[in-house]
Ligand code: NDP
């Protein structure tokens, strides 16, 4: 039986084993998928043991995405630009590092939420790992403009400068939150970790275009502070990041197994469970 796992610290909360078990059942793939707790100073050793025991691939979560990047012997373009790896695949050539988070986000937006990105005004809030991972797939979706706003302005500038070479056809801006005043956006994506502390980025009034979508990469059993603030601002289309989680898992599954699972039933099941929690 081919073995896969999600590796992190902590890891007990991870939904990935359930998601991948559902994908395997649905596609008739014979595989095992477990949760692997690595000691904070033992990522490489844990990966090596898993691989030597016949492991075929890993999903990598907090706090090991940078170590996974360093461990990979070759990387996809989206992993190279993200500077972080959330998917490892072991093969005869070594260790391939991929990053499926941004592709998962774009797929959730475009396919699941029917929110096109091409030629639209996109605002990305935050300049940490999640924002960096999303930038290449977002730019490849061809928005008219992509504005990156962050609490620490210098980080927003550094990130937009690093991605300017991929922005053909898209106007790429860096901003503070206050600097957004007077502008409007069709799609606003919260990639800050403010929701983890029940806070919302301090956005000026009037930034949501009519029919705009407000998206929070975070998910949980209750509405995030960012989505609540967007709802209070009159936004009608709102989504958390549960679909992104499932879509990034599907991207990893497709890389490993060469078959793309249907995500809708798995998303519906996890959504029901979150609502009941
Ligand atoms: P990082 O720690 O790398 O970055 C944090 C970012 O949030 C920085 O830009 C920081 O700004 C900003 N920030 C933190 N607190 C506040 C605040 N109170 N107000 C405004 N800005 C704030 O985190 P990640 O990028 O790894 O993760 C961000 C979010 O994305 C998390 O909520 C995570 O759960 C989610 N995520 C979801 C995924 C999914 O599959 N759905 C996948 C990956 C991430 P500054 O630079 O000024 O410090």
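Here the Cβ of each residue, glycine as well, is placed from N, Cα and C on the backbone.
Those TrEMBL annotations? Automatic predictions, nothing curated.
Summary of the site annotation: TrEMBL records NADP(+) binding at 77, 126, 127, 128, 129, 130, 150, 151, 152, 153, 154, 155, 241. Screening the candidates 1, 217 against this entry identifies 217 as the one listed for that site. The annotation in TrEMBL ties 14, 15, 16, 61, 101, 219, 248 to shikimate, and of the candidates under consideration, 86, 190, the one tied to the same site is 86. If one looks beyond the domain 'SDH C-terminal' (241-271) by at least 6 residues along the same chain, the residues whose Cβ comes under 8 Å of a Cβ in the stretch are 4, 15-16, 18-20, 22-23, 26-27, 29, 31, 56-57, 59, 86-87, 89, 98, 100-101, 103-105, 107-108, 111-113, 215-219. Around the Cβ of residue 150 (NADP(+) binding site), the same chain contributes 125, 126, 127, 131, 156, 159, 174, 175, 176, 177, 192, each under 8 angstroms and 6 or more positions distant in sequence. A Cα-Cα distance of 14 Å separates residue 248 (shikimate binding site) from residue 65 (active site, proton acceptor).
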